[in-house]
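Asks: Quick one: structure below, then a few questions.
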Amino acid sequence: MGRSKSSSRWLNEHHSDVYVKKSKEDGFRSRASYKLIELDRQDKLLRPGMTVIDLGAAPGGWSQVVADVVGDQGKVVACDLLSMDSIAGVTFFQGDFTEDEMLDAILNEVNSRPVDLVISDMAPNMSGMKSVDIPKAMYLVELALDLACRVLKKNGCFVAKVFQGEGFDQILQESRGRFSSVNIRKPDASRARSREIYLVAKGFRG
C-alpha cells in the first residue's frame, strides 16, 4: 500500500528539517527540545533546583532540557500515553493523563512538594477534521491547566501547546484570571504550517 500524499510530505519535511538534524547532533530525542529552549530563552522559565511536571513527555525532548537545567537538586515528573526511555533525574509514568489513576500517580510523586512549572506538549491523535481535533486538544489543555492551578506554588509558571479555534479564547481568559502574565508564542522550531502555538503563563496568583 503506497504512502498518502500527506505522509510523504511529512517524511520529506522531516528529513530536510534543520531542527531534526540539529537534535541528532546535540543528542536530543526530538526537535521539540528547541521549542522549549526558545521559550525558556524568551520567558526565563527554567532554573536549577526547580520541581517540574512534564505532560505529554514522550519521546523526552522537553524532559531532557528540563532535567539538564534543574539538576540534581530539582525534580522532574513526566507522563505520556506512549513509552519513554529513561532519562536521568526524570520520574516517568506511562498512562492516560485524562484518567484519575494517572493524576493520582503524579500527585503522589510530587508529594506536596511545591511545583514551580507545569509544561504540556500534549496533543490528541489528529483526524484532520478541525471540528473534532480542536475540541479534543483544548480539553487536554484544560486538564493541564486544572493540574497547574492545583499544584503550582505562588508565582509558578504554566506552558501548554494550544491550537487556535473553539475553546481557545476561554482558555486564554481563564489563564489571565489565574496568572499575572500570559503570552502566546510561536517558536521558530514549530513547523510553519502547524496550527500549534504555545501559551506561556507566569506569576500564578495562587
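Placed from the backbone N, Cα and C atoms, the Cβ positions cover glycine too.
As annotated by Swiss-Prot, active site, proton acceptor applies to LYS161. The annotation S-adenosyl-L-methionine binding site is assigned in Swiss-Prot to GLY60, TRP62, ASP80, ASP96, ASP121.
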Asks: List every residue in the same chain as the residue listed as 'active site, proton acceptor', at least 6 positions away in sequence, whose Cβ is under 8 Å from its Cβ.
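Replies: Residues satisfying the criterion: GLY56, SER120, ASP121, MET122, ALA123, ALA137, VAL141, GLU196, ILE197, TYR198.
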Asks: Using all protein chains in view, find how many other C-beta atoms are within 10 Å of the C-beta of GLY60 (S-adenosyl-L-methionine binding site).
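Replies: There are 24 of them.
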Asks: I need the most crowded of these binding-site residues: ASP96, ASP121. Count other C-beta atoms within 10 angstroms of each C-beta and give me the top one.
Replies: ASP121
Asks: By a 10 A CB contact count over all chains shown, which of the binding-site residues listed here is most packed: TRP62, ASP80?
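Replies: Sorting the candidates by Cβ neighbours within 10 Å, the top entry is TRP62.
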Asks: Secondary structure at ASP96 (S-adenosyl-L-methionine binding site) (DSSP, helix/strand/coil)?
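Replies: Once the DSSP labels are grouped into three classes, ASP96 (S-adenosyl-L-methionine binding site) ends up as coil.
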Asks: DSSP on the residue listed as 'active site, proton acceptor', three-state: which is it?
Replies: strand
Asks: Could you find out if DSSP has ASP80 (S-adenosyl-L-methionine binding site) as helix, strand or coil?
Replies: strand
